[in-house]
């Protein structure tokens, strides 16, 4: 066993020799420091405190590059144009808004040059005049500086995108804004809900946006009673069956007005282009406001007011049916 121990000891000596040679190559090293042995040399490098020899103080330099993830880089001294190693622990005054210690590429810094394991190292790194360094643009900011702007930003963007893409009118966009706020947290449900929400405005808006179309429906339904007037409006709100109701009333008027002349037809067309749109809009407005209270008496008033234009408007349609 003693012979084996003796054979193991000589290999242990050569690793110490390279460490000594590496230490001898450093400028400013002494033989007494190297003679402390391999383990002593490693332990002496760990403290990284006042044991390191200071070469220069308050030296200005430009950051050559700095890796934020690994936490080290190199600074090029302005006086000697020498690259000096810098570690993140050597940064004395960091940017208060940065989460990690770092220096930006191309930034001018002020530092002290000390003797390190493999050459010159930077210590007490600050900005020019002792101000905090700017830091790398790749270093993350602190939470309290980035939390609120990033949380408040997305709701506004989602509202604008939701209004521009899915709402055709400005009023509809204002109504869908609170809905977009509720939907931003669940993006996978955005495709399901907007069609349901968009049915409401399209069911209500056509009464405002397209009064003449419903005016024709109302004129056709004036002679039929209040019960038939309510049905077309309700079906238009939910399902677009407007063409069927346009065709229905003129067929019922054909036998009544076969004796009208062509001159009256032209006059009726001109009067329809001038006066009825206003009347139709007013009728729809009154009907919409007063419908839940007492629909039947208003229907009687509307039939009296609507009889003359109804005859004129149905005349060309009646003769077209006779010609067929």
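Cβ coordinates come from backbone N, Cα and C, glycine included.
The compositional bias 'Gly residues' annotation in Swiss-Prot covers 30-41.
Under the heading compositional bias 'Basic residues', Swiss-Prot lists 144-154 (among others).
Annotation source Swiss-Prot lists compositional bias 'Low complexity' at 155-166 (among others).
Residues or ranges marked as compositional bias 'Low complexity' in Swiss-Prot: 194-208 (among others).
If you look up Swiss-Prot, you'll see 241-250 (among others) marked as compositional bias 'Basic residues'.
The compositional bias 'Basic residues' annotation in Swiss-Prot covers 279-291 (among others).
Residues or ranges marked as compositional bias 'Basic and acidic residues' in Swiss-Prot: 292-305.
What Swiss-Prot lists as SUMO2 cross-link is 26.
As annotated by Swiss-Prot, ubiquitin cross-link applies to 137. Residue 137 (ubiquitin cross-link) carries neither a helix nor a strand DSSP state and counts as coil.
Summarising the annotation, Swiss-Prot assigns domain 'CSD' to 61-125.
For 2, the entry in Swiss-Prot reads N-acetylserine.
Summarising the annotation, Swiss-Prot assigns phosphotyrosine to 162.
Annotated region 'Disordered' per Swiss-Prot: 1-49 (among others), in sequence order.
Regional average pLDDT for the region 'Interaction with ss-DNA' (15-71) in the model is 57. Here Swiss-Prot flags 15-71 as region 'Interaction with ss-DNA', drawing on experimental evidence.
The region 'Disordered' annotation in Swiss-Prot covers 120-324 (among others).
Secondary structure by DSSP for the domain 'CSD' (61-125): 3 helix, 34 strand, 28 coil. Sequence-distant neighbours of residue 137 (ubiquitin cross-link): residues of the same chain at least 6 apart with a C-beta under 8 Å from its C-beta are 104.
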